[in-house]
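K.L.:
Before we start, here is the structure in question, set down as structure tokens.
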């Protein structure tokens, strides 16, 4: 994260000095890539150091900072309207933030999986802070003993009874990583065999994810979801200039709505979970953004007075803002949800693959918006594409498991076993409901 942040600041600073289009494109592309790498690593790291009850809050705080950045960009661009000055101003704002990375340790989960126990010990102490003194020495001893197969009950009782906040989950999961016994596991197709957790500590690639049918399905759906959400998010953001009002005000309102959405999501996500929340906000996006365009189609400048014209324009504008509110909620939830679906060994890889879909959505969004301009000039077509895409992907997301309140998985074999058990249980419940006698009394 530190190196990505440092290189991002350097590339954006160089972009401000570029004197031709090719160099501008190269350095702004590098800036975007590095920014995304940093964002993915940060999102994964944040969820790995907190307990399930705090993951919704921690995940949404990442996106609140993003929304505040959008609002800040409106203010900076208002006063620095030349693109070079805007670039230099952005660099000046970002540079001091590099100092914060000095205080951020490596993920203890990742260090433990890599069998770097001494470093994990230091990272946990740094994260827990003053509470480090409350941790029994036996915990650190178990970190170094990777062959330990049994854990004294008193350790688990100690962790549960000690007031160490959200780090209790991290401590217990760290201990369980090192006590996991050697087992043979057969995958869904009878082709996957993992000897023990040590095997999972090896470097994983995207091919390893596709070896597990349940994860390959999840990865494709997550990729499609990222693609649609990013496409619609950026499409609505880019279209701010086409809405009534100034581009600075519209962009600032978009950022403010992002902030409001994140605060609401923190509460709602704990109540109804991830899947159904994503389903609801994606449907909300599709309906409100299409409604915005339908309302605008009723505009008749020749036969309407100023009050009617103003009413239609403002109604369309705020329906579009409502669509942005919903898609902002979806954008934040998909990051948290994706990180929870996949285990630690492949979490960053899966998020990266999903982000690739999001990047493609970012690229295609401006071209879809061009459909409302000459030579095609079909004003309603972009809204129709964005709305239909949201509604379609919402149904696909229902095929994934719910992760609310569950501990993060460490290995693919562990996660697959739990998901298959839940799938079998749900199937049995459906069969039971199907054959239950109907009370006609």
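Using N, Cα and C of the backbone, Cβ positions are placed for all residues, glycine too.
Curation does not apply to TrEMBL; its annotations are automatic.
Checked TrEMBL, it gives:
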REGION    419-441  region 'Disordered'
TRANSMEM  6-30  transmembrane segment
TRANSMEM  63-80  transmembrane segment
TRANSMEM  214-236  transmembrane segment
TRANSMEM  248-269  transmembrane segment
TRANSMEM  276-296  transmembrane segment
TRANSMEM  316-337  transmembrane segment
TRANSMEM  349-368  transmembrane segment
TRANSMEM  380-400  transmembrane segment
K.L.:
Considering only Cβ pairs within less than 8 angstroms, which of the stretches 6-30, 63-80, 214-236, 276-296, 380-400 has the most against the transmembrane segment (349-368)?
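P.N.:
Ranking 6-30, 63-80, 214-236, 276-296, 380-400 by Cβ pairs under 8 Å to the transmembrane segment (349-368) puts 214-236 first.
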K.L.:
Taking the transmembrane segment (248-269) as the first stretch and the transmembrane segment (316-337) as the second, find out whether 3 or more Cβ pairs fall under 8 Å, excluding pairs closer than 6 in sequence.
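P.N.:
Output yes: the transmembrane segment (248-269) sits against the transmembrane segment (316-337).
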K.L.:
Counting a contact as 3 or more Cβ pairs under 8 Å, with residues at least 6 apart in sequence, do the transmembrane segment (316-337) and the transmembrane segment (214-236) touch?
P.N.:
yes
K.L.:
Cβ under 8 Å, sequence separation of at least 6 from the ends of the transmembrane segment (276-296): give me the contacting residues as numbers and ranges.
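P.N.:
For the transmembrane segment (276-296), the list is 225, 228-229, 232, 236, 265, 268-269, 312-313, 315-317, 319-320, 322-323, 326-327, 329-330, 333-334, 337, 379-380, 383-384, 386-391, 393-395, 397-398.
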K.L.:
In the same chain, who gets a Cβ under 8 Å from the transmembrane segment (214-236) while lying at least 6 residues past its ends?
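P.N.:
Distant contacts of the transmembrane segment (214-236): 188, 206, 254, 278, 282, 285, 289, 320, 323-324, 327-328, 330-331, 334, 338, 341-342, 346, 350, 353-362, 364-366, 368-369, 382, 386, 389-390, 392-393, 396-397, 399-400, 412, 415-416, 419-420, 423.
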